[in-house]
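Here is the structure we will look at, set down as structure tokens.
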Amino acid sequence: GEECDCGSPSNPCCDAATCKLRPGAQCADGLCCDQCRFKKKRTICRIARGDFPDDRCTGQSADCPRWNGL
């Protein structure tokens, strides 16, 4: 299956021909992806809203998880 979006041949993290991450890349896009690497754990990826605290990267994924109250 696809590891990344093949739509843009200019993405330095994704091989547009195969839809696979390029060698050494952890991710191609996402709020917790920076220059083909996962952002460090606890990096803020979404600013606090109302009573909810900031959402932070896990260091293991390009996705920005919603705060779960734990």
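Count begins at 1; order follows the chain as displayed.
In case you wondered, yes, glycine gets a Cβ from its N, Cα and C as well.
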(message) Tell me which of CYS36, CYS45 Swiss-Prot records as disulfide-bonded to CYS64.
(response) CYS45
(request) Would you mind checking which of CYS13, CYS14, CYS57 shares a disulfide with CYS32 in Swiss-Prot? (result) CYS57
(request) From the candidates CYS19, CYS27, select the one that Swiss-Prot records as forming a disulfide bond with CYS33. (result) CYS27
(request) Would you list, in sequence order, the disulfide-bonded residues among CYS4, CYS27, CYS45, CYS57, CYS64 whose CA lies within 10 Å of the CA of CYS13 (disulfide bond)? (result) CYS4, CYS27
(message) Applying a 10 Å Cβ distance cut-off over all chains shown, what neighbour count does CYS64 (disulfide bond) have?
(response) 18
